Amino acid sequence: MSKSSKKGATLGQGGELHQQTVNTEETLTTQQGVPVADDQNSLRAGPRGPTLLEDQVMREKIFHFDHERIPERVVHARGYGAHGYFETYESLTDLTCADIFQRKGEKTPVFVRFSTVAGNKGSADLPRDVRGFAVKFYTKEGNWDLVGNNIPVFFIQDAIKFPDLVHAAKQEPDRGFPQAQTAHDNFWDFISLTPESMNMIMWTMSDRAIPRSFRFMEGFGVHTFRFVNGGGKSTFVKFHWKPKQGLQSVVWNEALKINGADPDFHRRDLWDAITMGDYPEWELGLQIFDETFAEKFDFDVLDATKIIPEEEIPVKVVGRLVLDRVVDNFFAETEQVAFCTQNIVPGIDHSDDPLLQGRNFSYLDTQLKRLGSPNFTHIPVNAPKCPMHHFQQDGHMAIHNPKGRANYEPNSWGKEGGPRENPAKGFVSYGASVNGPKTRVRSETFADHYSQARQFYISQTPIEQKHIGDALMFELSKVEREEIRERVVSHLLNIDDELAKRVARGLGLDKLPKPADAAKPTQKNLPASDKLSIIKNGPKNFKGRKIGILMTDGAAADIFSEMEKVAKSEGALIEVVAPQIGGVKNSKGKKISAGQKIDGGPSVLYDAVVILTSKEGAENLAGFPPAKDFVSDAFAHCKFIGFVKDAKMLLEAAGIAEKVDEGCVLIEDKKSANNFIKRCREVRFWEREKNFS
Ligand code: HDD
């Protein structure tokens, strides 16, 4: 066995379990610290006899293995986390006394977990789904969890509907499928009977629900929260995360293929970026407003199915989030991290949003179920990094136990009596007045379900609108019951006529249904908002994107080195895709190593591709279906394609030689290599899609 170092779990002197690097020269032990002599064979009566129950080494090993799994999250089961920090750009003392926002330049440690909602823990990364964007800030006055999504609105207005929504979205209970997708009867049945979901449906049918990477998506706190300053004055606030990398999504056909080619596409992307030192960043933006705005705004600021357009309340950027460290252990950190919306700190408070109020119960409750003990805050990823003193004690797995005799207060033990409450510093709820009869009603102010759905739709570029229609047709094509499909179209008629007609045609409906009864007939004609489109908020460069270079033996050495140079100066990555994983020899006989073998590295894994073959190489690949798919898929997914003259036969075999357009760039020299990279900054050549039927 080699003497290399590896990570292991060790008990520290204080008894706490922590990770440290151990050497393979260390002796293997049981959990009790007893040295193990033989880890290959159980204890048995004679070489061929039965295993003895007495074998405590084997029993401990199997016992522990049997208990390795904990319940997966009921939603957001599949996720990926990383560490980083939040840096405050300016002091916000006038708005909030939250310690994290007091000092310009202050850095606060954070842990972030991204996730998909519907799929199980082992599902793929690219279903059409909302992405979770949960941030735990370890502030000096306690942990603040901002548990958001990559979409600023939600399906429902009241937490009491959450179990119904989730039941309808996940696998159907009798058959246990479909996995990680909403393209089935139960989901659309529920949605078609829940008009409040229509705004969210426009968002989830848009390309927002198939992001290219966690790094290229926005995040939102969704609800209206409160800021409270040192003088007790409160303002309302909505939180936004804006990726410095720009927005980018994949196309649906690509998503379907990525799930097969690399189900870990998003987690691998985040891991690679961070481990290579290309740390993703988001800026924290605030929409700040007061009661007067809330009163005059067209919608209720407590309704989580609505946004406040940035044109009405601009987003003020106040800090940045940088992810710069991957986890040491997936289970210890990403799986055991426990976000709770109730985790707020002095200076931040809840609003009366009924969805948020319900969440505040659900998260704490679910952590107890998942992690098995009220002591889940003792797990390092959940523990605050500021001092903690309280009288809560015992319970399963109590690790940090209070010292001393007094475990209650008030007490008269003087200095040894433990911590005391502190009205000057402690958390005080904002004293908003509340009155009214106890009642189960939905406020009238929550009743307009279509105006913002329409606003979202008309804010998209034509190609994005097309994708929304395509997505609806795809999803509804998987719905067996025709009346459900019709009911969805009846809602679309209240959003956009053209969209509804297109979807109805695509579904083969004989006639248009009647528009759904709008709960509030007085729909508003809201103006378009550019911030709602992905394409209008795309990247300004190709930094952090990946180019797949399909190469064969004899590929032009000078063009490859030009491509290396231009990609490097742009901050883009290149990966060579070759007939064999051993790599290729270029025209100068130099060995170029490959990142992927062709059938393991389809073009869906890249943001742009270059076909850099020799003539003979192109001839050989022309008869190889995965190589043809590499080219034809890149074309179908509107990617920029760089190619050399010698690649002609492969382009012909892929059926695109006759269709070469402005998104296909002939690379002959330094200038054209540069030109190719510049074109890539547009991310996709969408013009091409207009020609597809
Ligand atoms: Fe939730 C997890 C985001 C509504 C109940 N939710 C969870 C996670 C995110 C969100 C990002 C994963 C956290 C992690 O990575 O561990 N949830 C949202 C947003 C919502 C929302 C943005 C609406 C604005 N959620 C919501 C409601 C309820 C829940 C209305 C229940 C009434 N959510 C949960 C949960 C989960 C959860 C069951 C599952 C695992 C967990 O909490 O830790 O409690």
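Using the three backbone atoms N, Cα and C, a Cβ is placed for every residue, glycine included.
Just one of R69, R73, R320 is listed by TrEMBL for the same heme site as R113, F162, R359, Y363, R370, and that one is R73. TrEMBL assigns the feature region 'Disordered' to residues 26-51, out of the candidate ranges 26-51, 390-415. Closeness to ligand 1 is met by R73, N149, these being the recorded positions among R73, N149, R370 whose Cβ falls under 6 Å from the molecule. Within the compositional bias 'Polar residues' (26-43), the DSSP-based counts of helix, strand and coil residues read 0 helix, 2 strand, 16 coil. Over the domain 'Catalase core' (29-417) the predicted model carries a mean pLDDT of 97. A sphere of 10 angstroms centred on the C-beta of R370 (heme binding site) encloses 16 other C-beta atoms. If you take the Cα of R73 (heme binding site) and the Cα of N149 (active site), they are about 16 angstrom apart, rounded to a whole number. Its own atom aside, the Cβ of R359 (heme binding site) has 21 Cβ atoms within 10 angstroms in the protein chains shown.
For Y363 (heme binding site), the number of other Cβ atoms no farther than 10 Å from its own Cβ, over all displayed protein chains, is 16.
Across the structure, F162 (heme binding site) and N149 (active site) are spaced 15 Å apart at their Cα atoms. Rounded to a whole number, the C-alpha distance linking R113 (heme binding site) with H76 (active site) is 10 angstrom.
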